[in-house]
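Here TrEMBL flags His516 as active site, proton donor. Under the heading active site, proton acceptor, TrEMBL lists His560. TrEMBL lists Asn124, Gly125, Met126, Val127, Val266 with the feature FAD binding site. Residues or ranges marked as domain 'Glucose-methanol-choline oxidoreductase N-terminal' by TrEMBL: 114-137.
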Amino acid sequence: MILGLFTTITAIAGSTHGKVFQHLSELPLDLMTFDFIVSGGGTGGSVIASRLSENKAFNVLLIEAGPDTADQLGLSIPGWGLGKGTENPSQFIWNYESVPQEGWNGRKAGIPRGRGLGGSSAVNGMVYTRGSKDDYDNWARVTGDPGWSWNALRPYIRRSERWTPPAGGRNATGEYDPAVHGYMGRVETSLPWDGHLEHDIRTIRNAEIQKAEFPLVLDGNAGRSIGVTWMQSTIGNGTRSSAATAYLGDPVRKRGNLAILLNTQVLRVHPVVSSVRRLDIRTVEVISSDGGTAVKFTAKKELVLSGGVIGTPHILLNSGIGNRTELESLGVASILDLPDIGKGITEHVAANLVWDTVPLNTTTIDQDLAYAMWQQNRTGPLTATFTHQILWSKIPSSSTLFKEWKDPSTGTTSPHLELPLDAAQNAYLALLTPYSRGSLRLASSNPLLPPLIDLGLLTHPFDMAAIKEGVRIMKRFYSGPAWEGYITGFRGPDPDVLSNEEFEKRIRDNAITFYHPVGGSAMSKRGEKRGVVDGELKVKGVRGLRIVDASVFPYVLTAHTQAPVYILAERAADLILTSWGG
Ligand SMILES: Cc1cc2nc3c(=O)[nH]c(=O)nc-3n(C[C@H](O)[C@H](O)[C@H](O)COP(=O)(O)OP(=O)(O)OC[C@H]3O[C@@H](n4cnc5c(N)ncnc54)[C@H](O)[C@@H]3O)c2cc1C
């Protein structure tokens, strides 16, 4: 691979837009001009490329490191996921790993990210949760831009969503609020295909008995989820709805003003003219994912980075944008000192809790029959993922915890904890509001080597204390008459039985993450030194460069993170179009 050799393209108009190019060599380099270049065809990048190319006046190039995902049966069938029915599954995943985590007794955390059109939305667990009103209202405070508040974002929430009936068309009245959904948007969402199972029925009964603490909430996506909610997924007609299928379907791919370049990795970004006082960064340096010569493309108007929480900070650091001292110590020439790049990464950490139950009547799914059902009418067990209900819980403000630490929650509508209610025998309690922060830095000056990622999991004492409090809350949930004849005991780890030391060891030895890392290019107020992008998602101190992906989140929301990326990207597309009179 010859990284030193470039072909520089300041492209001119041509007739070859409107194609999906499988390889860099297929792109007719001398025939193309792009107003916008989007780097990373994942959740955020697919939205941006799709929305910008709705305007026929703009030519758009979308560059994605991985392959197409639309034709992969395994990725389409919710019950299969990555594996069965997927060609060479590893090609669809960046299999990152953290450095040894001090708060996990030295264990490393797996950090998978989607690689391919649709990015993580094409490989994720399809849970559809938007987060709380306060999560977004706080974005507005952090950026000084009221356009990021929940109320201002409502049109973008609706624009991103297309609510559909559950697979098979069962009546789901009472399990969601029709008033809070979008019906004309892009990403299909729905409730599970089958009706209420025993655990669901007991939860509903429990909600009557323990109404004050664990009420049944009609719709967890109405801005306040605290209580038990029905699980909504990015599934339509029994099939995964990803950013690729929702935003880059056939009619979009046929647009004459959109080119999609697959299997091509962005290495760095570069200033267009190095001598101007304010950096004008609109050039990307790319290489085919199978090697070869590096090539540069320059956007006429803007370059949008959508490489995700790892990809985007990694590209910026490789480009010499980041902490100057750290970069120069690795031999990377600094072009802009932006110390917060790669800093402040947050992730949902989850503790494994085990309850004993009576032997449950579980029927083994006949996989051939299930596949036949899916093929015939897109219904049956393969249309579903893993749970029907989620418990969202708030640690009471009277808790002694908040005498020692300021409550990190964004407000009264934000829960602190989440317990997906699929299997009490092997449950995972997630802390949604961690104080711990991680970071990402370069391992070397070679842009093809993965960065060093430290998620900082369980390094802040609040997080362990909050999990301890959370376990007590969950013990209360699974107690009382609704669970008689079902739950027979709590196997722990139980903070009321174990010593502090034993409890913490059990948590640190067995914790997992929910695959929701965010941050590393956080948004903040324009003019504020802290942060990486302003409220318009423009990189500070630079012209021509924006970031649209989960790396701009200033903290992890009280939600699984794909819906927030869709919401962010829908507004970002509007901001970009407005800047250019589109
Ligand atoms: C296994 C898994 C399960 C998850 N489950 C859920 C869930 O059930 N519900 C939920 O809400 N969220 C879930 N998430 C999280 C959610 O999917 C992500 O937070 C969200 O999709 C991230 O969107 P993004 O645009 O920031 O990044 P991504 O969607 O990851 O997109 C980044 C894209 O950029 C590309 N890219 C990166 N670097 C480069 C480069 N140098 N050159 C070119 N292209 C590059 C990548 O290949 C990728 O396509 C899950 C994530 C994973 C990985």
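Backbone N, Cα and C atoms are what each Cβ position is placed from, and that goes for glycine too.
In TrEMBL, annotation is done automatically, which means it is predicted and not curated.
Its Cβ placed at the centre, His560 (active site, proton acceptor) has 25 other Cβ atoms within 10 Å. Taking the Cα atom of each, His560 (active site, proton acceptor) and His516 (active site, proton donor) are about 7 angstrom apart. When pLDDT values are averaged over the domain 'Glucose-methanol-choline oxidoreductase N-terminal' (114-137), the model yields 98. For Asn124 (FAD binding site), the same-chain residues that are 6 or more apart in sequence and have a Cβ closer than 8 Å to its Cβ are Gly114, Tyr515, His560, Gln562. A coil conformation is recorded for Met126 (FAD binding site) in the three-state DSSP classification, outside any helix or strand.
In sequence order, Pro78, Ser233, Thr234, Ile235, Arg240, Thr385 are the residues of the chain that are 6 or more apart from Met126 (FAD binding site) and have a CB within less than 8 Å of its CB. Each residue contributes its Cα atom, and for Val266 (FAD binding site) and the residue listed as 'active site, proton donor' these two points are 23 Å apart. The Cβ of Gly125 (FAD binding site) has 17 neighbouring Cβ atoms from other residues within 10 Å, across all protein chains displayed. Val127 (FAD binding site) and His516 (active site, proton donor) have their C-alpha atoms 12 Å apart, to the nearest angstrom.
Cα-Cα distance from His516 (active site, proton donor) to Gly125 (FAD binding site): 11 Å (rounded to the nearest whole number). DSSP assigns Val266 (FAD binding site) to a strand in the three-state reduction. Using a 10 Å Cβ-Cβ cutoff, His516 (active site, proton donor) registers 24 neighbours. For the binding-site residues given as Val127, Val266, the lowest number of other CB atoms within 10 Å of the residue's CB is seen at Val127.
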